[in-house]
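Undergrad: Before anything else, here's the structure in question.
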Amino acid sequence: MTDTGTTGPDGAASHDSTETSSLIEAVRSDGAAGFDRELGFYFDTVSATVDDALSFDAIATTTANRTVAIEAVGDEQRWDRTLASASKLDPDFLVLVGAAFDDDHVALLRWLNEATHADLFAVSFDASEGDDADRGSAGQPDVLVEPSGWSTRSERSLTEKQLLQLRYWAELRDRIEGRTTRLESCEPQPNNWYNNSMSEIGYKLQFAINSYTSVLLTQLVVRDDPDGFQALADDRDAIERDIGEDLIWLSPDEAKGEGNRARITLRRDGDLFAEGSWSEYQTWMLDAGERFYDVFHERIRGL
């Protein structure tokens, strides 16, 4: 991938900020774990916007010669300018990147894709948080909105990493089906997570592999129930004693980019590309998942 620079036509820096620099570094990331692979692209060049009249932080060109405009968004006014710029530049795709998107924003962008045939992506991603050891799945781009029918387009063929994810979760599913457990098997998908029900709305047991930071996660995800999360947090000492390990407790306010979600996480090192270690990783996930289910299930029912 080629970096074509970050200056405007007169040599002055364009959209020069720490946030923009972090974003550009993220979208320039090469290899199977690259930002572009998460969207289903292969970026050839990435540069900052060369026209200050356009409100974009970066412009990328894919190996299929498609133009992708990328903008870090933080408020509704910036959204307005970005959408106006898109009408002028008319890129093939527009990618909005933010640390958090609320449900109304997600619903609006999905409606725009369906009603206007816009090719919009919304990606929850905080490039500055990727190395924070106290965050659950930080640093991993999460595609919240994608263009209508994107999964069937030719450029969306599975990448090397996605094929590995699919195989890894298929093996985990087979191991769940082959043992007596309260964990549920479900259809594997080429994602970085694999979810299990906790039999209560708003609560799920999630296994995940963060390929950016080479970390495995087993976690309870709590959605739209901050009081329920707080009730569990109040019982933290007993819960960690029953689990047998210290956990990472991420409240809704701390879980940037996750909407009104909280996470209680157990983590360890693990590399998706180390296929020889998959059996060890899956054994850890199954053991941790069963402990999570046993410890949290009755507590959640009692909330």
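From the backbone N, Cα and C atoms, a Cβ is placed for every residue, glycine too.
TrEMBL labels come from automatic prediction, so no person has curated them.
Found this in TrEMBL, in case it helps:
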type	residues	note
COMPBIAS	1-11	compositional bias 'Low complexity'
REGION	1-21	region 'Disordered'
REGION	131-150	region 'Disordered'
DOMAIN	164-299	domain 'DUF4268'
Undergrad: What average pLDDT is reported by the model for the domain 'DUF4268' (164-299)?
TA: 92
Undergrad: What does DSSP give as the helix, strand and coil breakdown of the domain 'DUF4268' (164-299)?
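TA: Helix, strand and coil residues of the domain 'DUF4268' (164-299) number 56 helix, 34 strand, 46 coil.
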